[in-house]
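Only one structure is covered here, and it is reproduced in the block below.
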Amino acid sequence: MADNMRSIPSVLDGLQPGQRKVMFACFKRNLIKEMKVAELADYVSEQTAYHHVEASLEQTIIGLAQNFVGSNNINCLEPVGMFGSRINGGLDAAEPPYIFTRLSPFARKIFSPLDEPNLKFQYVNNRIEPDVYAPVIPMVLVNGADGIGTGWSTTIPNYHPIDIVNNLKRRMGRLDRDDQEERPFETMMPWFRGWKGTPEPAGPGRYKFNGMAYQHNANPNKVVITELPIRMWTDDFEAMLEKVISGVDGPSWIKHYKEFNDYKTVHFEIMVDEKHMAKVLEEGLLERFKLNKQVVTSKIVAFDTNGQIRQYQKVEEILEEYYNYRLSMYLERKKHWLSVYHAEWRQLQNQARFIKEIIDGDLTVGKKKIDVLVRELRQRKYEAFPCRKDSKKKGTEEEDDASEGEGDGEDDGIAHGGARDYDYLLSMPIWSLTAERLNKLNDDISRKKGEHDDLLAKSEKDLWCVDLDEFMVEWEQQLALDAKTQTSILADMSSHDIRFIDKGANDFATQADITSEEHIVAVIRRERPGDGIIAEESGILAPPDSSNGRVWLVDPLCGTVNYAAHTHEIAVNVALQNKVGQPVAAAVAHPSSAEVFWTGGTSAYIRRGGFDAMLGLRLPKLLPLVEIAWSTARRSQDLKVRVVQFDQLDDVVPTKRLLFRKITKGFDEKGGLLAKAQLQIQALEAQLAVVKPKKRKRVDTSPNSTFADIEAIRRAQEVANEAENDESDGTETEIPEIAEQEHLNAQPIRDSMGELALDFPILTEKFSE
């Protein structure tokens, strides 16, 4: 049984004994400042009568703080340092002396200190951890569990905290204010934070959590993998690829591969042998690369409310057992704190009466022995309150230590007729025996009475909903903080060597393009699950729903060359087209100015700081912005291969050919790091875009051309550009007309365009300084 207890969690708090010891020690120490994992393990061992090797405690602490894909949905400890990643399933964590941790913001929202007076704590000389905690949500479902004991094993998938909270409120009849009918739990789909795949039902109690793979658009023999099945670690998949290449288990059908993974994302580009590609496609990419995985949500094993090991046939059984236990705990919490508030209210009343009688001269305390004074207080019907710790701190400090040193005081109290029972009166300082102190006490009496009455008016369901709402506020705040942290992804990348990805056809992307696109696609899938998506780097990601036919077009980083050269001239383009391919909305986010330009077809707007201002469509200086938005909507095929091959370009644009030759040369010779001189090339390209062909000067397109020649051309073209602008002043550009009905149908889409586009430029922080 001891082995099972160490391996299988409780259905109530989702913790095993070692994890419970760690949480108890962290709560006791109020661990809000960082502490080395190795030092924390020593402290836990000392405070909880831990009798095993501390290395095991260190791994337990690391496990509670991990937050990579496939680990915890909610980590109760903060990972400060390298606590492992999806690359090796957490085994790549740093050594305990070199990483730090503290309580996460979720810890006290989930394990409320208000419950601790009603927990059953264990005692080994001193008080140690409780038999089980009472979290406000079933953590066994939030973070899941894997364990193998003696004769029993368990695998519990993770679930979305929001789904769990909604299910609990549904069971309480509090999901909708207008409908308070208690309803049974609904079936939930497993959810793993940060995993980018799409789960699918695979039968009763089963779900598919497959990886994501697609055939490269430009190279039909290349397969791109951007997600692995849940809890398939990157190193394990790479080892499988190496095994196939080596031909150990049969003929090799993979020529080679490149990996662009990091500790958060997955990106493999695999070259399949041309003669095997047809068979690979016929079998299916997911099947051939073993990217299939099923998650089972039935026959779950956990310790029940009675401490007995039990097999649950479905998740709803766990929810029901947890629900009944947690509801009873709220009833106990209410009883306890009502008695505490009532006692504090009576004590304040006695203190106020004591001060008033001294001020009025009805009671004198000077020149009296203690036993005489205590006798007089009893005759005047003052209540006796045995000396004890502050009830608000009960459960958060060492109650067992409260008894230490009380022997002498108790003897002293007995010698003076129980004077210690009136310490709350007799130990008041002289300055408190004033009219000001009396007024404050009267205010405190009213406040304490209000706290008591407010609690009395609430049911145990009301109390639970308050805790759930506070948890949800913290959840949303942490999601917002995570999103803000993600905005620094490109900034982090740009401060180091930029990682390039060869797309073929003399084109390349950076890891920033990939990461930006992943976040954009995630937002669209969340907000518009039925819409199709065509993205520049990934191609067709989702066909449109037949009911609406809408398709989103995504250019995650317009200006990759500029980004690589650390310039400000970059943007994020997103457009929406209807089922007949007509654009209905588009947006261009400009990170350097934190502005979003967007249009719904009849008007154009600029969004700054969350507010929209209408733009005049006929102003020449604003037309390029509108045209960019509409050109994005027209480029569904272009997005598959963004840059055409430079050797197919016309001689009329030789400078552009030179640009791509220079990029290719820099890519080959410098491992993808562009020379500083690329800035001059990009400036030239921007000028050429608005110069008439007849004013362009032919240049040598050899990669060895000097940049001095280009600078001379640029100066000449600036003059031509000014003349071009003079000639074009006052011209108008046609904006595609949209049927009024389609305009109205697109309204909800357009309303969200600004907000969505603001989420897209995770590049913003790069230029915020």
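For all residues, glycine too, the Cβ spot is worked out from N, Cα and C.
A TrEMBL annotation is a machine prediction, not a hand-curated record.
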- Given that TrEMBL annotates Asp555, Leu557 as Mg(2+)-binding, name the residue from Glu536, Glu537 that shares the site. Glu536
- Message: I want to check the contact list for Tyr98 (active site, O-(5'-phospho-DNA)-tyrosine intermediate): same chain, sequence separation of six or more, C-beta distance under 8 angstroms. What comes out?
- Response: Lys36, Gly81
- Given the model, what does the mean pLDDT over the domain 'Topo IIA-type catalytic' (8-468) come out as? 89
